[in-house]
Amino acid sequence: MNKNSSNTMALAPNTSNKRETVCIFGTGDFGRALGRKMIQSGYPVVFGSRSTQTSSLIPKGAEVFSHAEAAQKAAIIILAIQRQHYNFLIPLAEILRGKVLVDVSNNLKINQYPESNAEYLAQLVPGAKVVKAFNTVSAWALQSGTLDASRQVFVCGDDMEAKQMVMDIVRALGLTPVDQGSLLAAQEIENYPLQLFPMWKFPILLSLALTAFFFFYCLARNVIYPYVYENKDFSFFIAISIPNRICPIVALILLALVYLPGVLAAIIQLYRGTKYRRFPDWLDKWMLCRKQLGLVALAFASLHVLYTLVIPIRSFVRWRLGSQIISQALNNKTEPLNTTNAWLSDSYLALGILGFFLFVLLGITSLPSVSNNVNWREFQFVQSKLGYLTLILCTAHTLVYGGNRFLSPSSYRWYLPNAYMLSLIFPCIVLVVKFVLILPCLDKPLTRIRQGWERNPQYSE
Ligand code: NAP
């Protein structure tokens, strides 16, 4: 490779405290914000621009030159310019030979071009050492100093030395470089800032769909049915009663859906007799968003707790209680305490309290700051053992709430069962299948498969 002397100097390890000059092409928002931050960190900065006139916007201490002049003054050139303008670099190819070219660009859409911007740059200027970095940091965050959410800077490139130089700059700016490997990773790094909560999409859409379904289901059963057949107006149920039915139902179904893919994966592995074949894509994706499913479930369970707390102060509840007392007084007849009902009511409340406590514990352990402090076995224990215990307690809470109403024909309206009965389908399937899977005749082969044993090895020795 044809290295000129200034490049060789710049690529040598930096032993003195003096920082190497950095060149930034483009005096737009990002170029200026990065330039200012670099000057604050002690780097001499020169800008390469189409216009060499300095303006008050240029950070104090920086100089502005033509692209060719500026490029000659530094071994590292940061390209703060949109990809569609990269063609202006072609005539500069000779000057850029051997220099480190840092691509910071982002696109407007995921996979907008067949190749990443950084790979495109490497094709345009083949003599330069292209490194992808800084695209996940915003100009606003650099200017305002609010870099907490974007402290990590993903860096990738084919030249180790060039990548190291860029990572040193990242560190000097008070950020954390994360080496993502070769330039092949650039596309992924460029897509990263364009993603909108990718892991949350499925859990949120699913919970919205379940909420809508159960809202109309409860509306039909608890508001429209009494209005049509009994001429009673229970439309106010829409405010508290129906949400307080939907929240626990959605929470329980989502919690069951956190554990269902694990159970399905175990069945697939037992059936195939190996763990070395990929799961179907849908199962893979489902397993990847289990944490988010669990957290959305926890949000619904928390809402259920809040709705439940206001029950005693509801006007409808106070009216019903008052009219019961008055009718007993008028009839001069007190109803004896039904201890069976008292047991059922206290048990379902106790199961709900314990289930919610474990639910919160699961949510807390899924936070990165907590999960980073436990080892794999401890994490497994909490998420699997305590997770199943939570599912058992929450399912039991719902079963006991139903009490003996499950079989009563009056609880069916328009042949529709109570909504909470539907919420029990998934948890019961998961718990029954899990119970079958822990039977030694299935658990032993499954454990062996997970340790690498194969029924029909594909590659026999
Ligand atoms: P910008 O404000 O539009 O600035 C781009 C600069 O490119 C212009 O100021 C101009 O500088 C130069 N330029 C424009 N047309 C040119 C052409 N035909 N030939 C040569 N140079 C040209 O954009 P920006 O927000 O600073 O973004 C710059 C790059 O940083 C983009 O690739 C963007 O994706 C990336 N980025 C931006 C942010 C952000 O928060 N803004 C965050 C991460 C990454 P001169 O007038 O000095 O020539």
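The backbone N, Cα and C atoms fix where each Cβ goes, and this holds for glycine too.
Between the listed ranges 56-77, 386-407, TrEMBL ties the annotation transmembrane segment to 386-407. Contacts between the transmembrane segment (204-229) and the transmembrane segment (386-407): absent, as fewer than 3 C-beta pairs lie under 8 angstroms at sequence separation of six or more. The list of residues near the transmembrane segment (386-407) in space but at least 6 beyond its ends in sequence, with Cβ under 8 angstroms from a Cβ of it, reads 248, 251-252, 255-256, 258-259, 294, 301, 341, 344, 347-348, 351-352, 354-355, 358-359, 361-362, 418, 420-421, 423-424, 427-428, 430-431, 434.
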